[in-house]
Each structure stands twice: as C-alpha cells, then as structure tokens.
C-alpha cells in the first residue's frame, strides 16, 4: 500500500480538469479548495473501494467487479449514482465488444490475405514449372 498519506491522493491534473469541467466559465477555484476537493475525492475512492471489497469477500472472490461497485454505491446511500454508473458500464462494455470484434475482423483479414498470398505463390510456382516443362518439351522437339 501507500507509504505516505499523500501517495493516496489523486493526480492534481485530473482533479483540476474535473473541477474546470464542472464549473461554469469564468469561475476560479483557490489552491486550498482544489486541495480539499482532491483529498475528499481520494477519501471517497478509498471508501467506495473498501465497501466494494467487502462484497467481493462475501462472494469469496479476490477480484472486485462492477456489481461490487454498484452494490457499494447502494450501501453507501449513493443510489442516484447507480443509474449513471450502469449506463457508463454499458457504454464501456459495448466499446470493448466493438474493439474485440474489430480485432477479430483484422485477424481474419490478415489470415485471408496470408492464404491469398500463399495461393498466389503456389500459382506462380505452378506457372514456372509449366514454363520449364514447355521449354523442355520444345528442346526435345528441336532435338
């Protein structure tokens, strides 16, 4: 785990970007307020992770899954986050499925191209053999 409490803080750049996206244009935030939000976000992540881990332990698993996080949100009384989290999870799963299918299509295309190349090479070899045989036949006829 972390050696110092500061090691558990989220990166300042990430926190700053989230804050800027959440606030209207022209609204500034002090360094002290940004630091407080950063610490609060870190505490929230640690608490949510701990709660989710409890659900994984109850399920006799060592790996936290999305269901554990959703259950943790409910236990922490953050029900209003559950629907948006489920939507984000579905988007993520669709993206992953699309990427997986794209990789399969790419692999199939590469395999198909290799097979086509092999066939072309075989055809070229056959053409060369036929030309050699014709030359040999022509030489035999000349003799």
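Every residue, even glycine, has its Cβ placed from backbone N, Cα and C.
Features reported for this protein in TrEMBL:
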type: DOMAIN; residues: 9-73; note: domain 'Transcription factor CBF/NF-Y/archaeal histone'
type: COMPBIAS; residues: 93-120; note: compositional bias 'Basic and acidic residues'
type: REGION; residues: 93-143; note: region 'Disordered'
type: COMPBIAS; residues: 121-143; note: compositional bias 'Acidic residues'
Summarise the compositional bias 'Basic and acidic residues' (93-120) by DSSP state, stating how many residues are helix, strand and coil. 28 helix, 0 strand, 0 coil
How many of the residues that make up the domain 'Transcription factor CBF/NF-Y/archaeal histone' (9-73) does DSSP mark as helix, as strand and as coil? 47 helix, 0 strand, 18 coil
Quick one: mean pLDDT on the domain 'Transcription factor CBF/NF-Y/archaeal histone' (9-73)? 93
